[in-house]
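Over in TrEMBL, the protein carries these features:
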type: DOMAIN; residues: 13-71; note: domain 'CBS'
type: DOMAIN; residues: 88-144; note: domain 'CBS'
type: DOMAIN; residues: 157-218; note: domain 'CBS'
type: REGION; residues: 231-313; note: region 'Disordered'
type: COMPBIAS; residues: 289-299; note: compositional bias 'Basic and acidic residues'
Amino acid sequence: MFTFLFPPFLKDDDRPFININPEASLYEAIRLLIHHKIHRLPVIDPATGNVLYIITHKRILKFLYLYINELPKPLVLQKTLAELGIGTYTNIVTASPDTLIIEALDKFVKHRVSALPIVDSDGKLIDIYAKFDVINLAAEGTYSNLNVTLRQANESRNEWFEGVQHCTKDERLCTVMDRIVRAEVHRLVVVDGARKVTGVISLSDILQELVLKPSGDLTVLQKITVSDVGAEAAPSSSPSSPSPISPPSATVPLTKSGSEESCGDTDQLTEGLASPEAGKGSSGDSEDEGRYSMDKSEETPPVATPEGIPISG
């Protein structure tokens, strides 16, 4: 059944293989992920050509979250999603509990979305179906049965299910960041007071707002290398410079989710982490996690690298 579904949408892909050196800066890794609309960035050993580990939006955001007290705190953390205008809020692609899996796959391919909020007849959020759920079809050997509904498919989900995480436009960015990292999800569905779906905010939306959009001090992000982030993903034989920031103590408890504590000390806030011109363009356009709109436009202005930012850490 996959045979007739996918070929009409497949095209020759002449895009270059995007990768990064383990000694490249964290800023450069974020810039590459967002500019090239990719979700995974292979870190290549320059000596052997082997893949050392994979850098993702989720890993970077978690790294920044864990080290938030060591980094300059952008003022945007205290602003609400409505004030910042980040996320996707038009033509959101959704599904109903009675949508068939094969129809959901068609939506994933046609609209290049990574998750479908499942809504009831009133447009209220009740569940979600993501690309990752499709992998479970193969894992459980049920990939040949694509004419079951999403309601039936979701009933068999195991403990790996991320859960339906949501927020409102009136919540502050620091609260949203806290919730995403703690829940280990790739996006939050934005709902109104009646729990009706109004939009989606993704990891790439947050990283672009925190790192590529604001103006401020880039010193710390220039010194942190992808090795510092990737070291938590997998052991690396590649030499790397000592991290410019101290690792957080494993005994320090995380702050309460959504609390004032989790939003940081406002006295330590700065104007941001990066150049004001960097990162201008469509927010939430990552092919794997950030696109939830039916907008077919593929044109995204290139993300400019601020002058004087070294590639190496």
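Backbone N, Cα and C atoms are what each Cβ position is placed from, and that goes for glycine too.
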Segment-level pLDDT (mean, integer) for the domain 'CBS' (13-71):
87
Under the DSSP assignment, what numbers of helix, strand and coil residues are found in the domain 'CBS' (88-144)?
20 helix, 16 strand, 21 coil
Please spell out the DSSP helix, strand and coil residue counts for the domain 'CBS' (13-71).
23 helix, 14 strand, 22 coil
